[in-house]
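Novice: Not my notes, these are from TrEMBL:
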TRANSMEM  D:27-44  transmembrane segment
TRANSMEM  D:50-69  transmembrane segment
TRANSMEM  D:76-95  transmembrane segment
TRANSMEM  D:101-123  transmembrane segment
TRANSMEM  D:130-149  transmembrane segment
TRANSMEM  D:182-200  transmembrane segment
TRANSMEM  D:230-249  transmembrane segment
TRANSMEM  D:269-299  transmembrane segment
TRANSMEM  D:311-332  transmembrane segment
Amino acid sequence: MKLKKTALVAAAVAGLLTSGYAAAASEQFIGLPSYRVGPFGSNGASLYGGWIDYMAMINERDGGINGVKLSWEECETEYNNARGVECYERLKGKGATGNTVFQPLSTGITYSVLEKVAQDKIPMVTIGYGRTDAADGRVFPWVFPMISTYWTQASAIINYIGSKEGGVDKLKGKKIGLLYHDSAYGKESHAILDKLASKHGFTVEKIAVASPGNEQQAQWLQIRQAKPDYVILWGWGVMNATALRTAQKTGYPREKVIGVWWSGSEEDTVPAGDAAKGYTAAGFNVAGANYPVVQDIQKHVYGKSKGNMEDKGRVGSVLYNRGVVHGIITVEAIRKAQEKYGKGKALTGEQVRWGFENLDIDDKRLAALGAAGFMPDLKITCADHEGAGKVKFQQWDGAKWTVVSDWISGDQTVVRPMIEESAAAYAKEKGITPRDCSKEM
Amino acid sequence: MMNDMPQEAVQEQTRRIGDVVLDLQNISLSFGGVKALTNISFDVREHEIRSIIGPNGAGKSSMLNVINGVYHPQEGRILFRGEERRKMEPHVAAAQGIARTFQNIALFKGMSVLDNIMTGRNLKMKCGLLAHAMFWGPAQKEEIEHRKKVEEVIDFLEIQSIRKTPVGRLPYGLQKRVELGRALAAEPSLLLLDEPMAGMNVEEKQDMCRFILDVNDQFGTTIVLIEHDMGVVMDISDRVVVLDYGKKIGDGAPDEVKNNPEVIAAYLGTSH
Amino acid sequence: MQFFFEVLIGGLLSGVLYVLVALGFVLIYKASGVFNFAQGAMVFFAALTFVGFRELLPGLTGLDPEGALVFWMAFVLALGAMIVLGILTEKIVLRPLVNQPHITLFMATIGLTFLVEGIAQGIWGANVRGLSLGIADEPVEWIMDSANMLVSKFDLFAAALAGVLVASLALFFQYTKVGRALRAVADDHQAALSIGIPLQQIWAIVWAVAGFVALVAGLIWGARSGVQFALTFTALKALPVLILGGFTSVPGAIVGGLIIGASEKLAEVYIGPFVGGGIEGWFPYMLALAFLLVRPEGLFGERHIDRV
Amino acid sequence: MLYREAGQFKASYIEDQQIFPIRQDKIGFIAILAFFSLVVPMIASEYWLQAILIPVLIFSLAAIGLNILTGYAGQLSLGSAAFMAVGAFGAYNFMLRIDGMPFIAALILGGLCAALVGIAFGLPSLRIKGFYLAVATLAAQFFIVWALVKFPWFSNNSTSGVISAQKVEILGFAFDTPVSKYLLTLAVVAVFALLAKNLVRTTTGRSWMAVRDMDVAAEVIGIRPMRAKLSAFAVSSFYCGVAGALYAYTYLGTVEPEGFSLDLSFRILFMIIIGGVASIMGSFLGAAFIVLLPIFLNVAMHALFAGTMPAGLASNLELIIFGGLIIFFLIVEPHGLARLWQIGKEKLRLWPFPH
């Protein structure tokens, strides 16, 4: 037994040297650069858990995609850029056709492999994080910041606040606080909100929280002083729970705090306890275990004790369901690509990229997937790698999330020009000639 | 004990003794209210061996620390080669040609004997950091030149066989010798020795005595010596200053001091 | 002015929480000369173990999950775990490394950090958990009404608890045999050994006491922002307190913590806006550094004289 | 029998003062360099080049930097990653803002920026020592990362504070393949490692070690502690800065300030402790060990427990083993891998007649 294990390790290490695994030709390999330890380990466990469970469900229920079974392997990144690059390289050559999609669920890792994916012809899908201007598919053919970018989300949040006030025109003269994680991620909010502020005539009060954000006394006293009408919470990790607790401490009503999607999961509200009651957050997916797609996972995966989640109570949580969304989009893109490149075949990353670019998940398809209302409908084109551009808002009632809005779109007349401008600047800096989308098929 | 020391050598030195090089006037030093030295005055003449003796805690080491700038006395004047000096850092003292050894060996433990002694040449080396990094042309030439000097010191102290040994591995007596070597490598005009023979056996003491006298003799170096071994002190010193409880209680030629009743009472008296 | 005092009081109360973490560092450093970087991980481990037992016990015993009995049972079990951790650390990590340079011991405690983090999450899972001590984090009403000033009930409670902790530690060190031995060890290892104080036993006790302090800190921090990995970062809040107050001074840690807490909040509010905010991450370090440049021996340290 | 210095006599001090006084060492060094520059590019896969060898080389350089400061000059620092960040952002801005900036010049200028910042944060070392200084260097760590995020000028007003390295071109040759990037990194690291070796064995290095071993004695023989400490900070930060620039240009391509976190600083510190304090060789061994160990553990865990153990537990077990091995190494060989190497060499010198 011991010998066998030693041999296994040796084989695995040898595998690193040679790269490339002998895998069944009818398996589609997906590398998972997951993180299950470190400050964001709990988030990673839910996100990758949901994604893996969905793929397992497709294998169990449908026998794969048109008979092509999905196979995957995890690689621990610890949410660390260098480890992420190592995982990218390690996973790249695995499987019969190599890794077919890379989704690191970390903006830092996204940046670190941005140029490599184009060289290696592996599509990178960054749902709800990553480089915003990559939504311009002409400049970034290999990157898909799908469903909704940070800028669209910011705009949608303003629209939501507008709807609560009785229309965006009512925002004139209002003051909106922005409590942001003082990092690259948090700063994504600045430019777009400034632009929207000048368009709608409100003011933005930007307040930075130093990472990790487990102390916010000063910030919330500043908020108390400034008395903004709403506070947008642009946080990550421990900062979110602390923000809600400190809001309670300083007497700021939680109903007026609107979180972004990385601030709107059970991982953020549960530790805040009562303080989170009434708090609203955006999301490109909703919480709940009653959707048919989650029910199918329960039945086909957990029913056979093959589930990935250690804590089964988290199935149906916001982040778990977000993982399921990752699964749905990945599987649908492969399905789409098979339509073009041959059903029942394992596809290369390049072929799957075509699948992502021509992805069209309309309401009918969503219903068929058992995900109506679970995530927005989505249509990707050569130029537009974002697709939906919609978010829903959910409110925490102290025990669970309740949806309180329909899908709300961002203001693309503001967002899209910003994306194109930023992408054009990147193209110029890098000497990239944007694709001519009329010639793509 | 050291009576077999050739008398002529001592005589020869006495003849060469010159002017006052270091003049300490009314030195007082205290640490947070505790007086270490009180109103001490004495001088050191060129080429002489000047010993400081006294019981433990008399302030002997503090005196050396005052001379080479480790401590700054609150009161008093220090004249070195006729110039009064104010607060002075030890490295400035070193630049003026004052070198020393320490009571508890203060070698650089992580380095070899050769490197330790090479540090003594530090002040005389002029090449910059970049030149060292390249180790090309002038830097290499300089390194080699100083290496030659250091080898002379190594030969002089008869420690050729241990030159590449890390000093931490050496026995106590040899470490003391290396420390002397490091001080000598700086080619000092004034050498301060803090108990160079403490903890040594007779042979080692004899060797050390010989080195001290040779340094004094061959290089003409002025030496200020702290030593407990009365025999050695009386044998090799030109003049002796006696401290007790931070005060000077005697000063003069060895024979004078030996017969000073105050010294006998305070110093020799305590050792009985 | 009212706003200034609000920030000041809030800062002082936050400072109390830093003191809690810093105390653990000071205890260990004083007794064994180890700069224990794992203190943050110990805070996390303690809080997670407490919450874990609190979740586990009602299922095993049928007791009321919110009841006092479960709370105290979980507390005792978590404390037991911390004591075991302390003893094991002494036996497995410190004893073989005795007489090694400080930096080696320091690195060993960083290794210990990984170990403790891994064990904590390996046993209890990565889930983020809430922790309620039954005291709401709300403004005290009468202060709010009379002075329009915000003072949190929870923070006052935490401050009181910290006060009790410090007082009981002081009593422990002053009046028990172990405490006296501990102080002897802190003063001079060799001397303590020579009069027959079992050094290694004392170290184990100190680590266990530091574990107890970590547990208290973990409960309070955990109740504020949830029991999650980020509790390990509380160590970073305690470090500037240590340089300000000195690694070996308990009063230094207390005063240092209050100074750091108050000044970082005031700086964030009054200086932050001019430089873009978010300065709390580095400001305490800069402040402590500036202070050290003026007074290298720290707040309560004695001036050190080099003897040669 | 091969490793024998008998019969090699040094007739001059020049010969005795070579970097490798023993002939076999010199041959060995040239053989290793030849292997890594000629053979490795032919046989190594892209994975090995990009995910292992390039980062190991870059971290070796950073570890040499920290070793100069901590190992040779005795000043404990926890801010190495921040100095890497200064180097990366410095080089980026020189490339960006000056037309026709040669890459190597930008690399060195980036390093010089880091050196200047290093001197500034090294000033406290003149008054404070030991862990107080170590914690004080955290001020550098947090302040620098904060400043790089906060002031958009550093990242050319990028919305997210992220910089994307320009193409690397030297004399018209574009370094854009893994092999060419590897060779460039190797060349830079090898040159700087040799320069460091020279530095530490001449006057500069001796004055650092003197200050480290006994600062009062050093001052008494005329070494100025201020100059020694600040030059150590400058050179150390310079090395970290160059490593940071390489990290951006030949390794990741795109970097964000937060990537240069305290965690990275600790990793570099681990490298010198595990590798060997005050050893250039040890810096390489330590970097290789610390980069490879977690990867090895991850691969091994997957091979052993894939499917049988919950993934979260497996990841935590990796962390536990990593921490445990660090402690184990510190206990078994507190002087690091370089000492093992040394012992091995001494054994080899005597072999086969150990007495």
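Indices start at 1 and increase along the chain as displayed.
Each residue, glycine too, has its Cβ placed from N, Cα and C.
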Novice: Can you say which of D:27-44, D:76-95, D:101-123, D:182-200, D:269-299 has the most Cβ pairs under 8 Å with the transmembrane segment (D:230-249)?
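Specialist: So the stretch in question is D:101-123.
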Novice: For the transmembrane segment (D:50-69), name the stretch out of D:27-44, D:76-95, D:130-149, D:311-332 with the most CB-CB pairs under 8 Å.
Specialist: D:76-95
Novice: Sort out the residues at least 6 away from either end of the transmembrane segment (D:269-299), same chain, that have Cβ-Cβ distances under 8 Å to it, and list them.
Specialist: 51-52, 55-57, 59-60, 62-64, 66-67, 70-72, 78, 80, 193, 196-197, 200, 209, 318, 321-322, 325-326, 329-330, 335-339, 341
Novice: Using a cut-off of under 8 Å between C-beta atoms, tell me which stretch among D:27-44, D:76-95, D:101-123, D:311-332 contacts the transmembrane segment (D:130-149) the most.
Specialist: D:76-95
Novice: How about the transmembrane segment (D:182-200) and the transmembrane segment (D:27-44): do they have 3 or more C-beta pairs under 8 A, pairs 6 or more apart in sequence?
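Specialist: The transmembrane segment (D:27-44) and the transmembrane segment (D:182-200): touching, yes.
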Novice: Quick test of the contact rule: Cβ under 8 Å, at least six residues beyond the ends. What residues does that give for the transmembrane segment (D:101-123)?
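Specialist: For the transmembrane segment (D:101-123), the sequence-distant neighbours (Cβ-Cβ under 8 Å, at least 6 residues beyond its ends) are 75, 79, 83-84, 86-92, 94-95, 137, 139-140, 144, 168-170, 188, 229-230, 232-242, 244-246, 249.
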